[in-house]
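Notes for the one structure printed next.
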């Protein structure tokens with residue numbers, strides 16, 4: 001491993017270009033990426049290869065990849081400070097996945113809960129790529145030797161596998177790979193569905209009413225909040241027995257910056273008929289700058305392509321050095 005004791009710690013994260021990025025993605029992840037750019041050497045990837053583990057329409061995948069990258073920038077990721085790139089633009093990801101496949105026991109992958117859950121939904125359509133998804137994820141991470149990987153609770157098991165693969169490689173071939181630490185945040189990490197306060201807001205939820213997409217028009221945001229599941233109890237408070245109420249208050253608290261206590265005091269005597277329009281106004285104004293920046297980025301010919309081209313070059317340089325070291329340790333003859 002290179003000696004980087006004086007360099008800023010490196011952090012890596014990314015999102016699949018499936019569906020649209022929503023408020024839960026922003027509050028749980030992207031907002032933290034933006035605020036931490038000055039602190040870390042940051043790499044942010046659009047993981048399009050992971051999207052292929054389930055059937056995709058080619059034209060929509062290309063459009064969604066561009067949209068996701070543009071949203072990274074619109075949300076405040078600064079390409080002068082951070083490396084923004086598309087996973088498939090760096091070929092080292094797939095090569096290292098194969099090398100790690102030759103190192104990873106099958107029973108490690110058979111324990112992955114997410115594969116079991118998705119395999120049930122897909123039935124006979126499930127492919128090897130979905131089974132191997134965690135190994136590709138390990139390659140994504142270890143190529144850039146990050147010190148920290150922001151991860152939600154639903155990805156904790158996959159990162160543990162990444163750490164196991166790194167340790168196994170180091171045990172077999174000598175200390176070569178940094179074993180990354182998890183960065184798990186509690187606040188804002190679980191914004192819930194607007195239709196079910198016990199389920200996480202998700203891009204894959206079949207109901208578009210369940211989420212507030214970052215690019216939703218103002219009138220659509222207002223309608224979704226108006227139709228969000230709630231209860232008839234007067235007085236709003238954070239209460240596990242009232243998950244939908246808690247979720248809507250959480251969104252308000254995270255966007256307003258007020259403390260939970262202040263939010264409860266403000267709406268102690270309110271019902272949802274009063275609260276929902278206030279929340280809608282807050283969400284609309286909060287997301288307005290993101291939508292405006294997105295429109296500007298999408299309308300500037302060649303800008304996004306240039307950012308992704310430069311990002312791929314920077315990412316390839318770092319990933320190539322790691323891959324070269326791994327190939328050497330594993331005994332592969334270098335190309336002439």
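Glycine is treated like the rest: Cβ placed from N, Cα and C.
Per Swiss-Prot, the features are:
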BINDING   16, 17, 18, 24, 25, 152, 153, 154, 191, 200, 201, 202, 203, 204  ATP binding site
MOTIF     17-25  motif ''HIGH' region'
BINDING   140  L-tryptophan binding site
MOTIF     200-204  motif ''KMSKS' region'
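Counting residue by residue with DSSP, the motif ''KMSKS' region' (200-204) contains 0 helix, 1 strand, 4 coil.
For the pair residue 191 (ATP binding site) and residue 140 (L-tryptophan binding site), the C-alpha distance works out to 26 angstrom.
For the binding-site residues 18, 25, the ranking by surrounding Cβ atoms (within 10 Å, all protein chains) places 25 first. Here the Cα atom of residue 25 (ATP binding site) is found 20 Å from that of residue 140 (L-tryptophan binding site). Rounded to a whole value, the Cα-Cα separation of residue 153 (ATP binding site) and residue 140 (L-tryptophan binding site) is 19 Å. Among residues of the same chain six or more beyond the motif ''HIGH' region' (17-25), those with a C-beta under 8 A of the stretch's C-beta atoms are 46-48, 51, 54, 56, 61, 64-65, 67-68, 71, 190-192, 200-204, 211-215, 251, 283, 287.
Separation of the C-alpha atoms of residue 18 (ATP binding site) and residue 140 (L-tryptophan binding site): 18 Å, rounded to the nearest whole number. Of all the binding-site residues in the list 16, 201, 203, the shortest Cα-Cα distance to residue 140 (L-tryptophan binding site) is found for 16.
Other Cβ atoms within 10 Å of the Cβ of residue 203 (ATP binding site) number 17 in total over all chains.
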